[in-house]
Every structure is written in structure tokens, then in C-alpha cells.
Amino acid sequence: MRQKRKGDLSPAELMMLTIGDVIKQLIEAHEQGKDIDLNKVKTKTAAKYGLSAQPRLVDIIAAVPPQYRKVLMPKLKAKPIRTASGIAVVAVMCKPHRCPHISFTGNICVYCPGGPDSDFEYSTQSYTGYEPTSMRAIRARYDPFLQTRHRIEQLKQLGHSVDKVEFIVMGGTFMALPEEYRDYFIRNLHDALSGHTSNNIYEAVKYSERSLTKCIGITIETRPDYCMKRHLSDMLTYGCTRLEIGVQSVYEDVARDTNRGHTVKAVCESFHLAKDSGFKVVAHMMPDLPNVGLERDIEQFTEFFENPAFRPDGLKLYPTLVIRGTGLYELWKSGRYKSYSPSDLVELVARILALVPPWTRVYRVQRDIPMPLVSSGVEHGNLRELALARMKDLGIQCRDVRTREVGIQEIHHKVRPYQVELVRRDYVANGGWETFLSYEDPDQDILIGLLRLRKCSEETFRFELGGGVSIVRELHVYGSVVPVSSRDPTKFQHQGFGMLLMEEAERIAREEHGSGKIAVISGVGTRNYYRKIGYRLQGPYMVKMLK
């Protein structure tokens, strides 16, 4: 049969040839150990075949031969940092609602944009509606099922493995919403993964356990006064494993002046109750609030990391932004508030990052709010990078969990661990004995996996954890996502590090804590992993009796 000449081919056939040529060049570059600029290759190859449009990334990904998928997918993945920690994060927003403390303080916090009564009226509290997550939520009319399905589809098209999902429930104080709405919202998150239509939260969780796409955790944003015993019990029922608590400042006068509507004592209580229930605690902190100043800001972060009443597991650092329609905007306009200069802010963030202990993870260093909406505050979109560069100039290292993760190190610095060993760090926090176990390469300061073990205090209110129980609050092996049922020798997930960490945790609980039982706060989708190693479900926890 006579082969068609290039001029006889249709645009669709030319596009297929272009895609094949792009993949061939990628394979050759891989075999020669060369780095390749994908955009340049796409442009050049499309021009070679006389096409005005480049081939889409989605089509290239779909056409990669099976034997080359493992080596080429990391090169084709858009924004590889999204799944570098081993999990695809899906942020969803609940419907707009008023801040719960308006009823007794008379107003919202002075710096807070958004909400039903704000200039950004279709946005949720503390968001403007122009953040990427907000815009996705508005497009889906705040429907939790659609938000989840759309985001997962988007991540898949960009070449990410969406085998494990962690939800972040954003949009103000979720736990202040009516119970009926909360149940509907969480039920739909689980149903979006499992494909089942549930009648209640218990049914949704049951089907989510066996879902192909695993829900390995749910994070809920809340306030210290909505983090009490009944709220924590409800969140455990939902399959929530991590809390993001809005602290903002450890100073009582600042909390009062900014109209927070809760005390610092409430912050300490909420941390204690949350950790004794097994939750991981991430704090939101805001440097550059009114009436603080640089030195006082540094002092509060020193206090925050060193005082056992605080010591969070994670931190989101949100330098104060002046946004129109807020009380702070009026103070700024009248000259009664002035933001730090850009250089002072970079210096401050660098000094804060230098204080972070190796068991704390810094999740974010600034808000996602678009710069045109910011009247005063952060002027750079890459504040974390600038702060890390400043630390490098000063000869200081940032030793938080995220900076040392194996997946992040591989993407940013192309370094891989060489000699891995077990490292143990013990500290006291919120009335309990904490042990941070990790597998690390100490020479290169790379973290492969971690486990947080706590000897619960006697004040724990959950009956499953009473009478001397140790709880594993987090088990995480880092590196790009590897599906739960498979192994990849070049990735660090599913290579046995998780099992080794669990064995050491059980030994410490039995021999050092003197515990007769160990519990795990497990994401709904990872419960079967613990069943395989001898755990059973008791309430929301996976538990095992220790001999």
C-alpha cells in the first residue's frame, strides 16, 4: 500500500505525527540523560509539520507508550510540586456564611475580607472570590460533589496520579454551619470519590473506605472556639485527620484589638483537646498585625515554637494584607496602620523560618489573594523563595518538614537520598509526650518518611483513648504518588518505610509509654492498610492491643 505524502495528510493526522515525534524526542533525551524544554520541542515540532497549534499536553500524555510511561510522566507532569508530597490535595469551599463571632463581638476581624456582607459579596468569609480555589467553587456554585469531580479531572489531565486525595475544607468556620449542611457537604466529598450516593455520613464513609480513589484525610479550617469536644467528635465522624486553627497572634491585646472574639487561653485549650483526640494541628499565624512591630513579632514566634502550650505540627504564615472594605483598610487610609517594608518582611519571614523546629511543616508563606486586590502588605508573589534566599545569604538553614521532603528536594535540587537512617526526636507539647520518628539522610538533610506518636494525657475525652493509650497522629512517606497497590523502586512510597515506622512506634508505646493499646487516627481510605497489620476499627480510630 502506497504511503501518504505529508501534503496529503489531514490536520488530525499531522497532529498525530507531531505528537509521535515529540514523544520520540523525549525518549531520546531520556536515554541520553539530557534535560529537555518541552515547550520548545512542541513549538518546533508543530512548525515542522506545518501546524499553527501546538499539541495539547493531555494528548501527549495519552499517547505515551506503556513501557515509557514511568520515565516520561514526571517530565510531562504540569506543576509536579502538586503531588510531590505523595498526595493530590483537593481544596473545596463551603457556601458563604457570616462569621460566628459577629453575634457577640458585633463585627468581623479588622483584617478580614469577604463574606456575604462584604465588597466581595459572593465570596466566603476571609476570601475575596478571586483566589483559584474560590473561582473553582463559584463555577461549581459551591456544590461539593462538582468541586471534587472537576478538580480531580483537572489534575488527571495535567498528568498527576490521583490515587490518594486529601481534602481541605475552606471558606470560613465550617463547624459553625448547621449540622445538616455539614453532613451533606462531607457526604458529597466521599461520594465524589466512591461514586456511591449515600443517605448519611456513616454510609458515605463506609463506601469511601473501599473506593478506588482513596480519601487519605480531610483537613477542616476552624477557630479555637469551634474546636471544642463536640466539634472534635463530629470531625472524627467525618474522617477528618487534620485541623487548621486560626490563631493569628499569641498576644491577648492583639487578639482583642483585632476583634478575634476568642482568648489565647482558648487557643491552648483547643490545641490540647485536638492533639489528645489524635488530630494534627496546623496554626494560621499573621505577622505584621496592628500594634505589634518587628521585635514583638519575632518574640511571639519564639514563644509559639518553644512554649509547650502551643508547639503546632504545621504552620501557615499569612503576613497581614490590607484589602478594601476591611476595618484595617480604614486604619491604613487614615495613617494609623503601616505595613512593613518589603525588605523588612523578607527579613522577618527568614527569621521566623529559622526558628521552625524539624517536626513542624510550613505549608504556606502567603495568601493566594491576587496582588491587584492588595492595597498594602506583601509586594512579592514569591515570598518563601526570597526568605529562603535571605537565609542562604546568612548561612542559616530552614529545617522544617516541607523543605526537607524527598519529593521537594528531587524537584528543586535534583538530589536523592544516599544513606537512610531512623531519627528520633522527643518533646513535650499540650500536656502530652510527643515522639517524632523519621527516616532521613542526615548528611543531605533529606526526609523520606515521618510518624507522630503521642502518649495521650489523662484529660483526653475520647473513651477509645482513655486509660493509657498511645496514638499515632500521622504516618506519611514522602515522594511522588505511587498507587496503593503497586511498588515503584525509584519512588519512596510503599518501600516498607511506613511499616518500619509503625513497628518502632508500637515498641515505644509498649516499652516506654507502658501503653496496653495503640490507636491510629487514619484517613478513611487508609483503614485497610492498618487492618492488614493487625488493627481493627474502634469508633473513628484503628486500634491494636499491645502484648
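Here, residue 1 is simply the first one shown, and the rest follow in order.
Note that Cβ sites are derived from N, Cα and C of the backbone, with glycine treated the same way.
Because the structure is a prediction, the values reported are computed rather than measured.
Positions annotated as domain 'Radical SAM core' by Swiss-Prot, on the basis of sequence analysis: 82-372.
Feature annotation from Swiss-Prot assigns [4Fe-4S] cluster binding site to Cys99, Cys109, Cys112. In the three-state DSSP scheme, Cys99 ([4Fe-4S] cluster binding site) falls into the coil class.
Taken residue by residue with DSSP, Ser161 (phosphoserine) is part of neither helix nor strand, so it is coil. According to Swiss-Prot, the feature phosphoserine maps to Ser161.
Taken from Swiss-Prot, the feature acetyl-CoA binding site covers Lys164, Glu474, Leu475, His476, Val477, Phe497, Gly498, Met499, Tyr530.
In the three-state DSSP classification, Tyr202 (phosphotyrosine) falls within a helix. Here Swiss-Prot flags Tyr202 (among others) as phosphotyrosine, drawing on experimental evidence.
Long-range Cβ proximity for Lys229 (N6-methyllysine), meaning a same-chain Cβ under 8 A and a gap of 6 or more residues, is found for Leu273, Phe461. As annotated by Swiss-Prot, N6-methyllysine applies to Lys229.
Under the heading phosphotyrosine, Swiss-Prot lists Tyr251 (among others), citing experimental evidence as support. In the three-state DSSP classification, Tyr251 (phosphotyrosine) falls within coil.
Per Swiss-Prot, domain 'N-acetyltransferase' is recorded for 396-547.
Calculated from their C-alpha atoms, the gap between Cys109 ([4Fe-4S] cluster binding site) and Tyr251 (phosphotyrosine) amounts to 15 Å.
DSSP assigns Val477 (acetyl-CoA binding site) to a strand. Site extent for acetyl-CoA: the farthest pair of Cα atoms among Lys164, Glu474, Leu475, His476, Val477, Phe497, Gly498, Met499, Tyr530 sits 18 Å apart. When the recorded positions Lys164, Tyr202, Tyr251, Val477 are compared by Cα distance to Cys99 ([4Fe-4S] cluster binding site), the shortest distance belongs to Tyr251. Shown are the recorded positions Cys99, Cys109, Tyr251, Val477; of these, the residue with the fewest other Cβ atoms within 10 Å is Tyr251. Apart from Cys99, Cys109, Cys112, the [4Fe-4S] cluster site neighbourhood in this chain, defined by C-beta within 8 angstroms of the site C-beta centre, holds His101, Asn107, Ile108, Val110, Tyr111, Gly115, Gln125, Ser126, Asn259.
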